[in-house]
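Read through the structure below, which is laid out as structure tokens, and then see the notes.
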Amino acid sequence: MVETFYEVMRRQGISRRSFLKYCSLTATSLGLGPSFLPQIAHAMETKPRTPVLWLHGLECTCCSESFIRSAHPLAKDVVLSMISLDYDDTLMAAAGHQAEAILEEIMTKYKGNYILAVEGNPPLNQDGMSCIIGGRPFIEQLKYVAKDAKAIISWGSCASWGCVQAAKPNPTQATPVHKVITDKPIIKVPGCPPIAEVMTGVITYMLTFDRIPELDRQGRPKMFYSQRIHDKCYRRPHFDAGQFVEEWDDESARKGFCLYKMGCKGPTTYNACSTTRWNEGTSFPIQSGHGCIGCSEDGFWDKGSFYDRLTGISQFGVEANADKIGGTASVVVGAAVTAHAAASAIKRASKKNETSGSEH
């Protein structure tokens with residue numbers, strides 16, 4: 001019988017107090033209030049760890065690299081305690097026939113109750129011969145494992161959209177998972193790679209509430225993909241003020257002005273980069289001085305240079321510059337001063353007339 005998360009933690013010598021603290025941090029990482037703490041604790045105490053099978057198709061393994069760097073919760077807690085990661089040919093010790101035997105065993109034992117996580121995508125051209133796993137095309141393995149899965153998580157832009165291996169003319173016919181598997185609930189977690197805490201947060205939510213998170217129209221978790229990077233960017237005030245970097249390493253760049261004119265795709269990209277950030281919340285690309293390339297959006301790889309300026313953005317500040325806005329402000333201030341002076345003159349004249357009238 002599979003142990004519960006709490007049983008594993010107790011076996012590791014973790015106290016009840018530390019367990020509740022962990023549940024509190026988990027609620028915070030998911031954007032949930034303190035009222036959810038008892039519900040999370042109960043789920044961790046009573047629900048068995050969920051078996052997860054993690055497959056790899058055409059990809060660069062950047063999603064796995066991101067995942068193992070999660071800090072809230074730690075990847076080791078997710079892998080060793082929260083879930084039962086029974087198959088992942090990148091992280092598991094077993095290999096070859098032994099690894100494939102484990103896959104078959106878990107699929108049989110937990111039929112209909114395991115989560116399938118997919119990193120990368122299947123190529124369909126030439127019967128899928130561009131990606132071979134265990135001696136057979138990855139497309140065959142994907143369909144075989146997916147048929148009895150409880151739900152599917154598409155890790156990264158490769159599995160979610162196709163990504164760079166699907167770039168025109170796409171000779172291998174690399175195809176996102178949802179276009180191959182159409183009869184299962186699929187949670188897309190795009191990004192190249194996704195943020196580590198977003199990945200572990202999705203898993204934590206599914207284990208805690210025993211359901212998939214609320215998704216947007218594109219199948220992404222709303223808790224992490226409901227806002228544009230631009231909406232919470234710390235450079236947003238410069239955007240609204242029309243203060244833009246015009247050349248790399250110019251004075252505006254050194255002052256941390258908006259990178260919109262340098263091709264930043266933040267205004268059209270939905271992700272949690274500007275709030276959750278990367279490397280335990282240390283930074284994100286825009287904070288490091290480079291514009292967002294929109295890596296979590298469908299088709300970003302075929303939309304031209306990363307340094308091409310976005311067009312069609314009609315918000316205040318996009319076409320304005322500091323001089324224009326400064327000039328406008330001067331006109332407004334000048335008009336206000338003139339109006340104030342006129343009002344003061346009228347008031348003085350009125351008082352003078354009142355004084356003259358009283359003398360007579």
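Glycine is no exception: its Cβ is also placed from the backbone N, Cα and C atoms.
Per Swiss-Prot, the feature [4Fe-4S] cluster 1 binding site maps to CYS60, CYS63, CYS158, CYS192. Residues or ranges marked as [4Fe-4S] cluster 2 binding site in Swiss-Prot (evidence: similarity to another entry): HIS230, CYS233, CYS258, CYS264. The [3Fe-4S] cluster binding site feature in Swiss-Prot is assigned to CYS273, CYS292, CYS295; the stated evidence is similarity to another entry. According to Swiss-Prot, the signal peptide annotation covers 1-43.
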CYS192 ([4Fe-4S] cluster 1 binding site) versus binding-site residues HIS230, CYS233, CYS258, CYS292 - nearest by Cα
CYS292
DSSP three-state assignment for CYS258 ([4Fe-4S] cluster 2 binding site):
strand
Pop the Cα-Cα gap between CYS292 ([3Fe-4S] cluster binding site) and CYS264 ([4Fe-4S] cluster 2 binding site) into the table, whole Å please.
5
Measuring Cα to Cα, tell me the gap between HIS230 ([4Fe-4S] cluster 2 binding site) and CYS292 ([3Fe-4S] cluster binding site) in whole angstrom.
9
Rounded to a whole angstrom, what is the C-alpha distance between CYS158 ([4Fe-4S] cluster 1 binding site) and CYS295 ([3Fe-4S] cluster binding site)?
10
So which of the binding-site residues is most packed in, judged by how many other Cβ atoms lie within 10 Å of its Cβ, out of CYS60, CYS292?
CYS292
Reported as an integer number of Å, what is the Cα distance between CYS273 ([3Fe-4S] cluster binding site) and CYS60 ([4Fe-4S] cluster 1 binding site)?
21
Between CYS60 ([4Fe-4S] cluster 1 binding site) and CYS295 ([3Fe-4S] cluster binding site), what is the CA-CA distance rounded to a whole number of Å?
14
Count the other Cβ atoms sitting within 10 Å of the Cβ of CYS295 ([3Fe-4S] cluster binding site), across every protein chain shown.
23
Whole-number Å only: compute the distance from the Cα of CYS292 ([3Fe-4S] cluster binding site) to the Cα of CYS258 ([4Fe-4S] cluster 2 binding site).
11
To the nearest Å, how far is the Cα of CYS295 ([3Fe-4S] cluster binding site) from the Cα of CYS63 ([4Fe-4S] cluster 1 binding site)?
13
Counting every protein chain present, what is the number of Cβ atoms, excluding its own, within 10 Å of the Cβ of CYS63 ([4Fe-4S] cluster 1 binding site)?
29
Under 8 Å between C-beta atoms and at least six apart in sequence, can you list the same-chain neighbours of CYS258 ([4Fe-4S] cluster 2 binding site), or say none if there are none?
ARG235, ARG236, HIS238, PHE239, GLN243, PHE244, VAL245, CYS264
